[in-house]
Amino acid sequence: MTDNNHSHFQHLYFVLTGIPGLELKYYWMAFPLGAIYVIALFGNGVIISTIKSELSLHMPMYYFLCMLALADTGLALCTMPSMLGIFWFNYKSIAFDACLVQMYFIHTFSAIESGVLVAMAFDRVVAIWKPLRYGTILTNSVVCRTGAVILTRAICVVFPVPFLIKRLPFYHSNILSHSFCLHQDVMSLACASTRVNSLYGLIAVIFTKGSDSLSILLSYAFILQTVMAIASGEGQLKALNTCVSHICAVLIFYVPLIGVSVIHRFGKHLSPLTHALMANAYLLIPPVLNPIVYTMKIKEIRRKLIQIFVPAKVTAEG
């Protein structure tokens, strides 16, 4: 009878962990953490508003950039409440259902970002391979359908994850390893077999980030082959220069992701501090660095920032 009751028991809440060993410095860490979220939300907001208002940016590559900025904004908003709650107010509890909701949106926006990076890679393939047919291949309807497929795939693939967690019993530890809820972290606290969760998680990762990373690699292999066929060295550099920002975005997303995956798999002997820092980097670095990379590359976004921070009179005089 006791076992039967335990099989249906779940914690009312989980306890989130900030950065182990640095609890006494949370007060000072709260300010740079707040600045990170301001930069992420403000930077991505500027990208979205600039692409919306500038007619010269109404092109497929910038529509995909807008999707990337929306995904980064969603990723930042998912983690912000729990992160700021810990570092600003030392509030570490999160309700069981709220944890599942946060988990769902974190993994969904992460899958969306991965899909958008693939779409941006395909955009670069078309721009370099068939530049004269770029506008006829990547029409507005194609871009919209691509965005719908990316969104639908992410929603559908991640949708079962919270329900697979919900069916598990939790009656031992309720202390999570991070400042937010991730599937692997919550699953590790379950008091029953998690084989189904692990198998589905593996399938989901292969179907999204695994296939996406392979698609990006194949796209750049084709891009390099096409660029090498260009006669002039200047033409080759010009073609590759159009890919620099996207390559940076891919590295910004996948390097922390690979790092987190390797540490979860092979770094169980590492300190909790290392696990926490890598998980934070995985979710905080892309929303912060992507706007910086594209602001440096796109003059319209730089001009928008100047208009925001420099008074109109000074801008006119300049």
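Start at 1 and count along the chain as shown; that gives each residue its number.
The backbone N, Cα and C atoms fix where each Cβ goes, glycine too.
Where the annotation comes from TrEMBL, it is an automatic prediction and has not been curated.
Going by TrEMBL, these are the annotated features:
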DOMAIN    43-294  domain 'G-protein coupled receptors family 1 profile'
TRANSMEM  26-50  transmembrane segment
TRANSMEM  62-89  transmembrane segment
TRANSMEM  101-122  transmembrane segment
TRANSMEM  142-165  transmembrane segment
TRANSMEM  243-263  transmembrane segment
TRANSMEM  275-294  transmembrane segment
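Non-local neighbours of the transmembrane segment (275-294) in the same chain are 17-20, 36, 39-41, 43-44, 46-47, 65, 68-69, 72-73, 75-76, 78-79, 106, 110, 113, 177-180, 182, 245, 248-249, 252-253, 256-257, 259-260, 263-264, 267, 301; each lies 6+ residues outside the stretch with a CB under 8 Å from one of its CB atoms.
Packing against the transmembrane segment (62-89) from elsewhere in the chain are residues 16, 18, 26, 29-30, 33-34, 37, 40-41, 44-45, 47-48, 51-52, 102, 105-106, 109-110, 112-113, 116-117, 119-120, 123, 140, 143, 147, 150, 179-181, 249, 283-284, 286-287, 290-291, 294: each is 6 or more residues past its ends and has a CB under 8 Å from a CB in it. If you look at the transmembrane segment (243-263), the same-chain residues 6 or more away from its ends with a CB under 8 A from one of its CBs are 68, 113-114, 117, 120-121, 124, 128, 209, 213, 216, 220, 223, 270, 274-275, 278-279, 281-282, 285-286, 289-290, 293-294, 297.
Mean pLDDT of the predicted structure over the domain 'G-protein coupled receptors family 1 profile' (43-294): 91.
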